[in-house]
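Participant: As annotated by TrEMBL, domain 'HTH myb-type' applies to A:9-61, A:62-116. Here TrEMBL flags A:9-61, A:62-112 as domain 'Myb-like'. Residues or ranges marked as compositional bias 'Basic and acidic residues' in TrEMBL: A:127-139. For A:127-157, A:199-221, the entry in TrEMBL reads region 'Disordered'. TrEMBL lists A:140-150, A:200-213 with the feature compositional bias 'Low complexity'.
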Amino acid sequence: MGRQPCCDKVGLKRGPWTIEEDHKLMNFILNNGIHCWRTVPKLAGLLRCGKSCRLRWINYLRPDLKRGAFNESEEDQIIQLHARLGNRWSKIASHFPGRTDNEIKNHWNTRIKKKLKLLGLDPVTHKPIEKAEKNDGDSSNKSNGDDQQQGIKLDDDEKLEGIELSLDETNDLFNSYQMLCESFDLDSWLNQDAANNTCSSSYSMEESSNKSSTGETNSTIGEDSLKQWVDSVDSFLSWDSFI
DNA sequence: AAGATTATCAACCGCCCGAGA
DNA sequence: CTCTCGGGCGGTTGATAATCT
C-alpha cells in the first residue's frame, strides 16, 4: 500500500508558473500569510497543489531571495559546508540568507561538482580521486560515498563536528582545494560568463532583503516590507499587462 | 544558418518525519 | 500506541538557453 498522494492531482495545472499565477499566490500570501499549504491554492484561486505553491514561493517568490550568480566566497563556503554536511542542501542553504536549497543543489550539481573533478577531487568525499577509489575498494561491502553521507543520522548540527570529517579535516581539505585553485585559474576558465550574467531572472532582491538577511525568517517578514517588495517587483514582472 | 550537443535551472516525485487526533 | 496528514527534503527530470560544429 503506497502513500496517498499529497493532493488530488486531477484537474491540477503543472509545469512552469505564469505571471498571473505568481501574482495570485503572492497576493494571497501577502494578505493572509501562510497557515496551511494545502488550502493555499484553493483559497488563492490556483489550480495547483499545495506543494507546488510552497515550492514556487520558497524558490522564486519569497521577498528575501537573493538572485544571481554565486560569488567566489559563497562557492567556497558551499564546498566547505558540503564537506561537513554532505548533500543536506537545506542545512547548507541555512548558512546563506536569501539562497534556496534548490539553488545551491543546482549550482553544486552543474558547476562545483565539475570544478572539483577537474581538480582531481571526489565531489562526494572531497578527497583526491585515487585515494577515494582506494578507500572504496577497501570497503567493498560498504555503500558508496553518497550513501554513506546520506546515511548519517544526526540530531543536530552540533553533533556534526567529529563525525565523518572533523572541522580540522574539513579545513585541511578546503585549504588543499584553495591551493589547487590558486595554481589553476579555474574561475576564469569556468566562469567566463559569470560577469555578464544578466538574464531576466537575475533581478536583485538585495535591497529589499537587507532586513531579512540579518536573520529574519519568512514568517517574520513584516507586511510593510512585503508590500514594499511587491511594489518594487511590480514593474519587473509587468503585472499591469494582464490586470 | 541550421542542427547537434551541452549547460542550466525550475519544477516534480516520492520518501521521511513530526505533530496531532 | 497507531494512524493520518502536512511539511520538508533530496534526487531527478525536462524545457529552454547557450554554445559548438
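Positions of Cβ are set from backbone N, Cα and C atoms, glycine also.
Automated prediction, rather than curation, is the source of TrEMBL annotations.
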Participant: Using DSSP, how many residues in the domain 'Myb-like' (A:62-112) fall into helix, strand and coil?
Facilitator: 31 helix, 0 strand, 20 coil
Participant: DSSP helix, strand and coil counts for the domain 'Myb-like' (A:9-61)?
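Facilitator: Breakdown, helix to coil: 31 helix, 0 strand, 22 coil.
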Participant: Summarise the model's confidence over the domain 'Myb-like' (A:62-112) as a mean pLDDT value.
Facilitator: 87
